[in-house]
Structure formats: C-alpha cells, structure tokens
Amino acid sequence: MKFDILTIFPDIIYSYSGESILKRAQKAGVVEIQAHNFRENTEDKHRRVDDTPYGGGAGMVLQVQPIYSCLEKMGLVKDGKKIKQPKTKILIMDPAGKKFDQRMAEKFSKLDRIVFVCGRYEGFDERIYKFVDEKISVGDYVLSGGELPTLTIIEAVTRLLPGALGNDASAVEETFGDKENKKEYPQYTRPENFRGQKVPQILLSGDHKKIAEWRAQKTK
C-alpha cells in the first residue's frame, strides 16, 4: 500500500509515521509513506500557496495551482483533468466530508494507493475539489490542518493490512471490527490486586469456555 500526502508540513507526517506500528509496517514493506510539500510546486516567486478570497472575507485560501501541479508531477492529473488509476483514491481532508469509520477503513484497505490532500488556513479554492475522489472528515470539530486526520486514517488502514501487526488476528478481534457491537470486553493484566481492585476471578480460572462466555456478556 502506498500513501502519498500533499502538505506544507511534511515533518508532521514523518515524525508520527516514524514510530510504532507505522514504522514497523514500512520496515516490513507493508506500506510506503511519502509526503509531498506542495509549496515546492508553487509558481509564486515568494513561494506562497495561499491568497485572499475573491469577494472578501476573513483568512487565507489555499490556491489551486500548487496542489494541481503537485498532483500533475505525481501523474494523477493532466490537461486540467484527473487521470483514472486502478485501485487508487485521492482524498481531501474536509470537515464537511463523509465521516470516517472502521467500515471505510476496511474499504480503503483494499486499495493499492491513497493520496491525501491536507489543507490549512481557511480552506481550499473550490476548484481543487474537481481533482479528488472523496471529501473525508474525522469528526465535527475544527483543527488547524488535515495532517492529523490523514495520519488517523493511515494508521487505521495500515492496521488492517496483512503483516502490519504482530498478531494479524488483533485487527479483526478489536472493537469496531467485523462484530455488530461496538464495545470491547474489559482487559486486565498484573498485578492481580491493585489497591483493593481485583481482577475478576473468572479470568484467573483457566476455564477458556467460561472466560469466552464472560467476555461475550461484557460486550453486550
């Protein structure tokens, strides 16, 4: 799986993806993560990628040209049109987009390549949307940019890829997986007694059938 991220802050992407699961998945060849600084594609002599909005208004708007030129350099657009590529999606992080969830993560995990466009400032020039497949949101709140939502999606998708986790069953067994319910059973580890709070005796019994029944009951 290849993840391409268009951003003006590539270090945010590399800082997070250089740790833990994403680091291991890259080392194992399960995923490839590449950030593209679209500031490098601007035609402005001062390297600006934003400007004031036509018609007036607060804030600055990301220009279409630097992002288009970056996508063009990647072979994803040409002559003002998006080039169709198999098993590839171009996503734009937008609070007005479709709400990301585990089902969407599973759908995305079947792709070969996902391209993310991360915004900043007051948003995008509307013409940018012509060159993407979907607008995606991770929640009804405001962030300063699309990098954190992008990393959320990348990690959620990566966890579903064979070889990304030490135990491939973990991705299936965890909350929001194939199960109908969205609650996970309580987990405990040592010590058995912490300041009077004890691990349920059933979990210490060694009776796997009863433990499975207890866990099933706790997820209802």
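Glycine residues also receive a Cβ, built from the backbone N, Cα and C atoms like all the rest.
What TrEMBL lists as S-adenosyl-L-methionine binding site is GLY119, VAL138, GLY139, ASP140, TYR141, VAL142, LEU143. Just so you know, the Cβ of VAL138 (S-adenosyl-L-methionine binding site) picks up 20 other Cβ atoms within 10 Å once every protein chain is counted.
The domain 'tRNA methyltransferase TRMD/TRM10-type' annotation in TrEMBL covers 1-219.
Most other Cβ atoms within 10 A: among the binding-site residues VAL142, LEU143, that distinction falls to LEU143. For the S-adenosyl-L-methionine site, whose binding residues are given in the record as GLY119, VAL138, GLY139, ASP140, TYR141, VAL142, LEU143, the maximum C-alpha distance rounds to 16 Å. VAL138 (S-adenosyl-L-methionine binding site) carries neither a helix nor a strand DSSP state and counts as coil. All protein chains considered, the CB of GLY139 (S-adenosyl-L-methionine binding site) has 11 other CB atoms within 10 Å. For the binding-site residues GLY119, ASP140, TYR141, the greatest number of Cβ atoms within 10 Å around a candidate Cβ is found at GLY119.
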